[in-house]
Every structure is written in C-alpha cells, then in structure tokens.
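The NAD(+) binding site annotation in Swiss-Prot covers GLY13, GLY14, GLY15, GLN16, ILE17, GLY18, ASP37, ASN101, VAL124, ALA125, ASN126. The substrate binding site annotation in Swiss-Prot covers ARG88, ARG94, ASN126, ARG157, and the record cites sequence analysis as its basis. For HIS181, the entry in Swiss-Prot reads active site, proton acceptor.
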Amino acid sequence: MAQNGKKKIGLIGGGQIGGNLALLAVQKSLGDVVLYDIPAAEGLVKGKALDINQLAAVDGYDCRVKGTTDWKDVAGSDVIIITAGMPRKPGMSREDLLEINLKIMTDVAGNIKQHAPNAFVINVANPLDAMVFALHKIAGLPKHMVAGMAGVLDTSRFKCFVAEALGCSIRDVEALVLGGHGDDMVPLVRHSTVGGVPLTELIAKDKLDAIIKRTREGGAELVGLYKTGSAYFGPAASAIAMAESFLQDRKRVLPAAALLEGQYGINGYFFGVPVQIGAGGVEKIHTVELNDGEKAELEKSFQSVKKTVDSVKL
C-alpha cells in the first residue's frame, strides 16, 4: 500500500502495455502506480508518468504515476503486473521468445521476492504459461498469489468476432476460452450463448470454425499489422480486469492461467481455466463439464504448454 493509504500498483515494463496499464489504473482510481523499467528506459517511464499525471485534471482522477528504475520504489505494492520482455514480431511464435524473456523473468522474479513478496502478481509476458511457471518458482510466491493473463484476452477476442459476425451487441455474448495462450487454445463453443441462445443455433459451423481460427491467431494477426510489436490495448485492459477484481475484492470469475493440482487432470502446471479472483488472489478454480471432443482439444493444448514449460531450465 502507498504511504497515503491508497492501493499501490507496480507495473514492471514501461512499454506499450505498461503505459496503457498505468493510464487505465489511474483512470479507474485503482491506486497509485509505480511504472518500472531498466535504466536505459528511464526517460520513457518518467515521461509516460508525467504525461499521465498531466491528464488527471481532464479526467478528474487523484491517483498518480511514478516512473522509476529503482526496485525499491516497487516495494509494498499490493499488485504487480509484469509486461517486461521482448514483444513478438512478424513470423515469431510466442515460444520463440522463451530464451530471452526467461532471462528477464529470472531477474524480475528475484526482485519481486526481495521487494514485494506479498503482492498479487499477474504475468503478461510471453510465452505466458512458461513465464508464469518460472515466476512462481523463482519468486517463491504462494500459488494463490500468482496468475497469468491470457484467457481474459482470448475470450474477449472470441466475443468480438462473434458479435461482428452477428451484428449484435458484444454485451450479450457469453463465451469462454480455456487452455494455453497459443494456437491450441480452446474456445468452448458448446458453452457459448448470445442473449441466452446457443451460439451453434446462430452461426453455421463453417463460420464458427473460421471465428475459432481467427481467435487462435488473434495475436499473430495484430503482430502482422503492427509490424514492430504486438497487441497492447487488449492485454492492458485484460490485466486490469484481473487486478481490479483483486484490489476491490470483486470475486469475478475470469479465465486465467492458474496452478492446477488435479483439476482437469493436470497437476503442477499453470493452465488457462476459469478462476475466482478476490482479495485472497486466486480464491477458487472452477471446473467446466467437458465432452470427449472438448477434453481432447484441452489435452492437446496442455501438451503444447507442457512441452514449452518442460524446456524451462531454472
């Protein structure tokens, strides 16, 4: 908690996602923000902090952002969101980032262990499932105080494409995407509805298959369009949804990468499933009844995650 009694949010990585996280956090009055990056990026984080603070009078918020390169400023954070790492570029998979981002995560996790061991930590860095596994191991965080942001974003993309296909309000689309944050993620079509009507009754199978494919390739589509980086608005909003539920004890049920201990037949790996997030962190892990086809798809997704995680050398 900040010295002024407000909640304190530590953002590790001052790039596109980090900057948007800082803006969203103060606009929602979630707490004061510390935007951290390495010394080479000192001007970047201090500039973004100043820019956002000068916007306060326009939007009418009283929370503040501090740009820093000193981990001591992160100490006492209630929640930490990690975005530090190399972003994807055209032609790269999330797994291609493993070696370089693992080195970054090792440093970040060690500093969290030293300076903010009681924070609820949300990882956004890719490859998501492997990075959150490394974070948990290195920082020694309790299993309920660490999670990976993936499912909120993947589900949001799926809902977006469904709403576009039907020309309906996205608010009426209920859907869930499980599994790893990669090409084998599992949109649960059978459990998806629009205004209570099953999705399968509204969209033909071939069109649904195309939506599923586009959802799985959603990150790559944006990488191809941006050319020099990856998505940042969506990831930032998704991570803030998780942080907000923790900070305000909203107990929202959101798809996120959590440590499984037998659920869905998986043990000892972080995997995307519906979880309840409240003041206690990941308070519950919910299981969804799956048919044989869905189980097979989820197992395929898990094997992809397992292969990447098992290659992590700590």
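Just so you know, glycine gets a Cβ as well, placed from its N, Cα and C.
Worth saying up front: this structure is predicted, and the values here are computed from it rather than measured.
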Among ARG88, ARG157, HIS181, which are recorded as recorded positions, the nearest neighbour of VAL124 (NAD(+) binding site) by Cα: HIS181
Spatial separation of ARG157 (substrate binding site) from GLY13 (NAD(+) binding site) - C-alpha basis, Å: 24
Secondary-structure category, per DSSP, in which VAL124 (NAD(+) binding site) falls: coil
Long-range Cβ environment of GLY15 (NAD(+) binding site), under 8 Å and at least 6 residues apart: ASP37, THR83, PRO87, GLY229, TYR232
For ASP37 (NAD(+) binding site), the three-state class that DSSP assigns: coil
Which of ARG88, ARG157, HIS181, all recorded positions, has a Cβ with the fewest other Cβ atoms inside 10 Å: ARG88
Residue pair HIS181 (active site, proton acceptor), ARG157 (substrate binding site) - Cα distance, angstrom, rounded: 12
Pairwise CA distance, ASN126 (NAD(+) binding site) versus ARG88 (substrate binding site), rounded so that it is a whole Å: 9
Residue pair ARG157 (substrate binding site), ILE17 (NAD(+) binding site) - Cα distance, angstrom, rounded: 17
Proximal but sequence-remote residues of the same chain as ILE17 (NAD(+) binding site) (Cβ under 8 Å, at least 6 apart): THR83, VAL124, TYR232, PRO235, ALA236, ALA239
Number of other Cβ atoms within 10 Å of the Cβ of ASP37 (NAD(+) binding site) across all protein chains: 23
Binding-site residues listed as GLY13, VAL124, ASN126, least Cβ neighbours within 10 Å: GLY13
Assigned element (helix, strand, coil) containing GLY15 (NAD(+) binding site), judged by DSSP: coil
